[in-house]
Structure formats: structure tokens, C-alpha cells
């Protein structure tokens, strides 16, 4: 057997959806001679990346975490959002032992119950329906001091869409006759994932000390003041919500804190700030010794606090199956999507499999990626091309974040530039794969950059879409594309192209049939 391997490369263009209409479509309007040529000349198909096809509620847009879990699992994986919706509908949520024990302990000790999370109907990191259920659970179990610390979205939802959510919760607390919204802050600060500790510190001080740059009598007034300062939801500066005569809602020893985000990647940093004894991201002026800190789902295996909904383990994901067959694999991306091609792709497993190498390219340190739409794609491509040529790997899995990260800024011109940058990168990847007689699949995890304006509101469209994504084959086999596929069909497709057995746990089907 030759020691030089001919790799199968999976290139995931994050946020690169397929939409026929040209209006506000940064992908269709960009100059993409390489992708155009591949689409015309190579076997290709469109695959579903949203809703029930990826284990989300019907019609729910896809996202990167969900996309990569399905890509790696080779079966539809029912997501936390769907699981939690069902728990609430069936009533089981209200008897969850972890949540009820934390609330009961705080009530018994006369302490407050703090609930924090992304107050959004976006369904990507959280859902406000779950937060509402948590408020109801706390109230039903006798909590009177119930404080909601609302992180505002504007990224997976329109840029200025928080007001109805804040009104809904203000009315809910009024109806209960207990509890209130205690603070609002944009997710840019509270949910950073790129070690920008100066941002996280502003959120931490707001939550622990009720200390913010701004104060308002109620949440809607606080939000409107932020809009007047030209801050969209995502960027709302720390605002304490406290009417005259109300006690402050700072977090104190013995209080319960329940973090209602279900997606891990943007929940980890702020969680570590609260719970790590050796935390050194910044100097914490106040360290709170909570009665309980509960994470809704497991944000990381090394965060040692209680978890209301631990992960269900996935057997025989693509990466694990490769390991069992002594195959070598490489995962490579920038900071922004590194967790996706490793942790999420491996079904929530943090440790690399035997034979799995990883390369992390630092994303550029800019405030928002419209300022540098090419991101770190040149360095990423250089490393990827080198890995393809090395002969070391049977499989290489790469994610280019540009379409998604620049799409999220809502800046159309920057998104076009991002897409044109990707086209140049793909040209180099195709050449590298062909030079070693390897195989290449090009796809996406969900859409974004193909819809840069919301036709209903006229606002910039910063969220993902529920549109299909492309799947293109470039390689040395004569193959025929199958229609009607979805993300969970990609792992079986790859195994089939490698002429490997498909494990029974993978219920997806190959989308390229060798002729």
C-alpha cells in the first residue's frame, strides 16, 4: 500500500445558501467564476439544511452547530431546541430535578432566582419560550425574587426586534405579581466566544453588581434609549433596569443562577467567568458563591456545574468510524468555526479521536467582520493546500466562516467581497486535490449570505436562512447525483466515496452513486 494518501476533502462554506433570486443576494451577485464552472460541469445537487431535515422544528432556519452535528452524525440529530419544546409541551420541564432542586433551595434560603439567557425567538442559541417556562417554574415553586437578565439578539433575528420580547416578559411578570427584568445587554458583550474579555467583563459587572453604563425604569425604555444611541439589539450597552424604590438585582451568595442558552459555543466564556475559581480573563471585582449555577445543557465537559439536560451520546459518528478503521483525518478552520469542525462535528466530543489532527487559524481581531471580509482565508487555504499535498490524511474537513460571519453583519458589499474571496480559495483547493488525484466535496451548513435584506421589513437581513445548500463533487470517480438529500446524508456519501462500510447508526443515504 502506498504511504501517500489521496484525501477526500470536505469543504464547508459556512452560510453559503442557494437562492435563485438575485435581489440582495451576495452569492449570486458576486463574481464567482470557479463555483459557477463547478456547478455547470461537476455532479451536484441541492440539500436541505433546516427544519425537520436537521432535527429542528418545521420551518426553523438551520445554524452552524446543528449543521455540523448532522454532517458528522450521518443521521438526523434532534436538537436541543426540539427536545426542550417537547419537554415544555409535555410538562416534564416543570419537574426537571436539576431545575426544581435549584429553585427550591433558593426559596428555602430566602434567596433570589436569577435567570439569564438570549431573549430571542431566533431558536439558535436559546428560545424565549424556554425562558418564559423557567420564569413560570420559579414562580410556581414559590420564588418571589425572580430576576431576568436579558441578552439581546439582533443577529439571528432582525437587528431591532427585541421590543416585543421585552414587552412579553414585562407583562408576564406583572401577571405573576412577582419578578422583573433586571438588566439588558447585547449579545456582543455577554456571548462573546473569541476571548474578548473586555466585552465579557461589562456583562459580568452588570450581572453581579447591577453596574452598567446606563439605567432605565423599565426594559422597553432602556431599549429605546439604546436605539436613540444608534445601538442595535446585538450591541446594546449594559443597562440596569430598576425603577425608583426597587431593590437592585445584583447577584449575591446563595442565589440560584440558571443559564437558559442551550447552545454551547457562546455560553462557555461567561459561564467560566462565574464558575472557574482560577479564572484570569480579567479581575473580577465581585465573586459570587451561588447556591446553584445551572447550565441548561452541557457547555463543556470541564465546566463542573449542574446541567439540566445532559447530552445524549452519539455512537459511530463519521470521525469515530474513521478511527475504528485506522484512517487519518484533519480538521481545520478559523477560531470562529473551529469548535464546529471539531466538537460539534464529533457529536459533542471534545477530545480528538486517535488519528485526528487539528489546525486552528486565528480569526482576525476586528470588531465586526465586514471590516475584513476575507478574514483569515489566505492562511487557512495555504495550510489546507499543504495538508492535501502532504499525503498524510485520508480525510480533511475544513470550514470557511466568511459567508456566515460577514453575512451576520448585514453589510451587503462586504458579503459580496467575502464570497469573491472564497471563490479564489476554492480554485486553489480544487487544484490541490486534483494534483494528488483526491476527491473533494463542497457544501454548506446553512444559508445566510444569499439573503442580505429582509423583504418584509426592509432592514438588513443578518440571520440565517432556511434555504437549501449546494453539494458539489470534484474527483476521480464517475458519479451520479441523487436529489432530495439533507446534511445527514453527507457522512454516508463520504464513506461510500471511500468505498467503506456505512455503520448501521447512520441512517443517511449516499448522494453520489458511483456509476
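Just so it is clear, glycine is given a Cβ too, placed from its N, Cα and C backbone atoms.
For the substrate site that Swiss-Prot gives as 125, 155, 156, 187, 193, 263, 264, 265, 266, the extra residue drawn from 31, 337, 354 is 337. Among the candidates 64, 488, 496, the residue that Swiss-Prot annotates alongside 14, 445, 446 as binding Mn(2+) 2 is 64.
Among the binding-site residues 125, 193, 264, 266, no residue is found with its Cα located within 10 Å of the Cα of residue 464 (Mn(2+) 1 binding site). Sequence-ordered, the extra residues of this chain that approach the Mn(2+) 1 site, with Cβ no more than 8 Å from the Cβ center of 404, 408, 464, are 14, 15, 63, 64, 155, 156, 403, 405, 407, 446, 448, 449, 462, 463.
A gap of 5 Å separates the Cα atoms of residue 404 (Mn(2+) 1 binding site) and residue 14 (Mn(2+) 2 binding site). The highest number of surrounding Cβ atoms within 10 Å, among the binding-site residues 14, 156, 445, is found at 445. Apart from 14, 64, 445, 446, the residues listed for Mn(2+) 2, the same chain places the Cβ atoms of 12, 15, 49, 62, 63, 67, 68, 337, 340, 399, 404, 444, 448, 464 within 8 Å of the centroid of those Cβ atoms.
Of all the binding-site residues listed (125, 193, 266, 446), 193 has the fewest other CB atoms within 10 A of its CB. Fewest Cβ neighbours within 10 Å among the binding-site residues 408, 464: this applies to 408.
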